[in-house]
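What Swiss-Prot lists as active site, proton acceptor is Asp201, and the listing cites sequence analysis. Look at Swiss-Prot and you will find Asp217 tagged as active site, backed by sequence analysis. Residues or ranges marked as Mg(2+) binding site in Swiss-Prot (evidence: sequence analysis): Asn206, Asp217. The site 'ATP' feature in Swiss-Prot is assigned to Ser36.
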Amino acid sequence: MNDNAFTFQTLHPETIMDALFEQGIRVDSGLTPLNSYENRVYQFQDEDRRRFVVKFYRPERWSVDQIREEHQFALELVKDEVPVAAPLAFNGQTLLAHQGYHYAIFPSVGGRQFEADNIDQMEAVGRYLGRLHQTGRKRPFTFRPDIGLAEYLFEPRQVFEDAALIPSGQKAAFLKATDTLLSAVTECWRTDFATLRLHGDCHAGNILWRDGPLFVDLDDARNGPAIQDLWMLLNGDKAEQRMQLETIIEAYEEISEFDTAEIGLIEPLRAMRLVYYLAWLIRRWGDPAFPKNFPWLTGEDYWQRQTTTFIEQTKILHEPPLQLTPMY
């Protein structure tokens, strides 16, 4: 099965409830879809008024071994008292299967949205990221990939080349801007960082707040540099980002060492995320959920803006990286 062409159109509510019933769970409420385009995620309540979340994985995106590694990492983190949403085990298994779909069941954990401009919350997140990475350093993922240029830049570049949905009037300029950006990232990228298991997609939307942070959604967990789990939390102008990063690092280093040389990877990682995200949208265009929710992707104005974004990011890559105050 080609995951680029796959849709979830055969995942009917009856299929979901049958899968849950196989694990001894009877759904007593409706299935409320949660915000996830890559997978299909639903919240529900059972007959005992317990709340759960069930996640059906997009076939062929991750292998069974890769998903199991994600689950094992989550369970290790819970054991090490890191607040993460970890899957529940049924007959000793966290990864379950039904009618060709793999799925997992999680307890439904409520919470407020993490406030990215709240320094006290940022400090707590930094401390727990230090603990998360302390667990992540124990051993690398064996089956899940490393963050690198091939997956995040060169493969997406080919996707852009082959994409029919990029308007013909914008494609040449966009590809030129892409190539210039790729060259700039390649010049800045370094691989001498210490590799560890990461959350991988640690932005404010994947952190809930319940008297402390709760990390959710390890679906993008990979091996890579520690800074990958820090930079997406930064916002505002450079002065604000500097203060936020210093707050995170100071709290982080109460638990784990942090190599400040990795700060130079922030803008290359940002560029890689920009490129990878666009390629992801194109790859998923065959899933009806994507044209419905991203209708602007075929518009000339959108691709003109992306070209401008790539040009601006290239300029940033040629500037000095974010600098901490001298005490660091």
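Quick reminder: no glycine exception, Cβ is built from N, Cα and C everywhere.
Known features from Swiss-Prot, placed on the structure.
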residue	record	DSSP class
Ser36	site 'ATP'	coil
Asp201	active site, proton acceptor	coil
Asn206	Mg(2+) binding site	helix
Asp217	active site	coil
Whose Cβ, among the recorded positions Ser36, Asn206, has more other Cβ atoms within 10 Å than any of the rest?
Asn206
Mind telling me which of the active-site residues Asp201, Asp217 has the densest Cβ neighbourhood, counting other Cβ atoms within 10 Å?
Asp217
Separation of alpha carbons, Ser36 (site 'ATP') and the residue listed as 'active site, proton acceptor' (Å):
13
Using the alpha carbons only, what distance in Å do you get between Asn206 (Mg(2+) binding site) and Ser36 (site 'ATP') once rounded?
12
Length of the line joining the Cα atoms of Ser36 (site 'ATP') and the residue listed as 'active site', in Å:
10
